[in-house]
Amino acid sequence: RNLGKVIDTLTCGFADLMGYIPLVGAPLGGAARALAHGVRVLEDGVNYATGNLPGCSFSIFLLALLSCLTVPASAHQVRNSTGLYHVTNDCPNSSIVYEAADAILHTPGCVPCVHEGNVSRCWVAVTPTVATRDGKLPTTQLRRHIDLLVGSATLCSALYVGDLCGSVFLVGQLFTFSPRRHWTTQGCNCSIYPGHITGHRMAWDMMMNWSPTAALVMAQLLRIPQAIMDMIAGAHWGVLAGIAYFSMVGNWAKVLVVLLLFAGVDAETYTSGGNAGHTMTGIVRFFAPGPKQNVHLINTNGSWHINSTALNCNDSLNTGW
């Protein structure tokens with residue numbers, strides 16, 4: 001609704017300016033006012049749809065949280081070497097958003113290359129936007145930030161300034177407040193896919209590329225029961241206060257968002273959906289045909305016999321010989 005006021009001010013002001021144009025001001029002003037009324041009708045429809053559905057009163061704050069789930073598919077990085085630009089997977093300094101002791105938050109489409117000592121090595125990509133030193137996610141630091149985020153959101157909602165806080169959060173994404181902790185370079189040419197690439201891994205990544213938001217939400221839904229136990233045992237008071245407040249006011253959509261946000265930081269995080277990929281691999285292997293050997297019939301002087309040693313390269317791979 002607050003955004004609608006800004007849009008109405010712009011459209012109505014534009015219509016008034018069109019009306020002051022000599023000779024053609026009357027028809028242009030009328031058309032511009034009709035357009036402004038049409039925009040107002042669309043805004044009323046959006047306000048009704050998002051404000052009257054049970055548990056779905058989306059505000060700018062909720063849209064700010066949902067904006068964190070999108071992953072641009074066209075992200076790419078280049079490295080400037082003596083005037084020549086080379087496409088690389090290494091993150092430039094402009095792609096680094098936040099740095100912790102053992103984790104780096106960056107924009108999608110690259111992997112940080114950190115210079116430590118006298119060597120540069122690639123960090124392990126845990127998610128499209130988070131890389132760690134050894135592939136293990138430091139859940140303590142991230143969950144501390146989630147506590148602060150949810151606690152701030154709860155306070156903003158209790159004070160009825162959720163739209164203002166949401167606007168501040170959106171503007172805050174344009175700036176970096178933390179100091180640099182690591183020396184990132186572009187001399188590694190890191191791989192987006194660490195480890196052994198299998199067909200199941202490629203199929204899983206293809207599914208995530210089709211709908212990264214849906215894949216992320218489904219993976220987090222399966223972690224909610226364990227996340228509830230973790231937030232109680234770990235005394236995450238910000239998250240608990242947020243869930244309690246939003247439950248009391250009947251805002252179940254925000255309760256679900258808080259649970260998904262906390263469940264996204266799991267103590268047993270695997271690289272690029274490796275947990276679900278490993279489970280799916282075990283199911284698919286049950287239907288695998290297994291090794292086989294083709295039987296070859298050889299005609300020698302008019303008589304047929306079986307030659308079991310006539311193996312080609314593919315047979316050798318299937319049988320293990």
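Backbone N, Cα and C define each Cβ position, glycine as well.
Annotation source Swiss-Prot lists topological domain 'Cytoplasmic' at 1-52.
Annotation comment: Swiss-Prot describes 6-57 as region 'Interaction with APOA2', evidence class similarity to another entry.
The annotation region 'Important for lipid droplets localization' is assigned in Swiss-Prot to 48-51.
Among the features that Swiss-Prot reports, transmembrane segment is placed at 53-73 (among others), with the record citing sequence analysis.
The topological domain 'Lumenal' feature in Swiss-Prot is assigned to 74-242 (among others); the stated evidence is sequence analysis.
Residues or ranges marked as N-linked glycosylation site in Swiss-Prot (evidence: similarity to another entry): Asn80 (among others).
In the structure as shown, the Cβ atom of Asn93 (N-linked glycosylation site) sits within 10 Å of 10 other Cβ atoms. The N-linked glycosylation site annotation in Swiss-Prot covers Asn93 (among others).
DSSP assigns Asn118 (N-linked glycosylation site) to coil in the three-state reduction, placing it in neither a helix nor a strand. According to Swiss-Prot, the feature N-linked glycosylation site maps to Asn118 (among others), an assignment based on similarity to another entry.
Residues or ranges marked as region 'Important for fusion' by Swiss-Prot on the basis of similarity to another entry: 149-180. Mean per-residue pLDDT, taken over the region 'Important for fusion' (149-180), amounts to 76.
The annotation N-linked glycosylation site is assigned in Swiss-Prot to Asn189 (among others). Under the DSSP three-state reduction, Asn189 (N-linked glycosylation site) is assigned to coil, being neither helix nor strand. Asn189 (N-linked glycosylation site) has a Cβ environment of 14 other Cβ atoms inside 10 Å.
Swiss-Prot lists 243-263 (among others) with the feature transmembrane segment.
The feature topological domain 'Lumenal' is assigned by Swiss-Prot to 264-321 (among others).
Positions annotated as region 'HVR1' by Swiss-Prot, on the basis of similarity to another entry: 268-294.
Counting only same-chain residues six or more apart in sequence, none has a Cβ lying under 8 angstroms from the Cβ of Asn301 (N-linked glycosylation site). The N-linked glycosylation site annotation in Swiss-Prot covers Asn301 (among others).
Positions annotated as N-linked glycosylation site by Swiss-Prot: Asn307 (among others).
Sequence annotations record features per position, and here Swiss-Prot assigns N-linked glycosylation site to Asn314 (among others) based on similarity to another entry.
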For the topological domain 'Cytoplasmic' (1-52), how many residues does DSSP put in helix, in strand and in coil?
46 helix, 0 strand, 6 coil
Pairwise Cα distance for Asn93 (N-linked glycosylation site)/Asn189 (N-linked glycosylation site) [Å, integer]:
15
Could you state the CA-to-CA distance between Asn118 (N-linked glycosylation site) and Asn189 (N-linked glycosylation site) to the nearest Å?
17
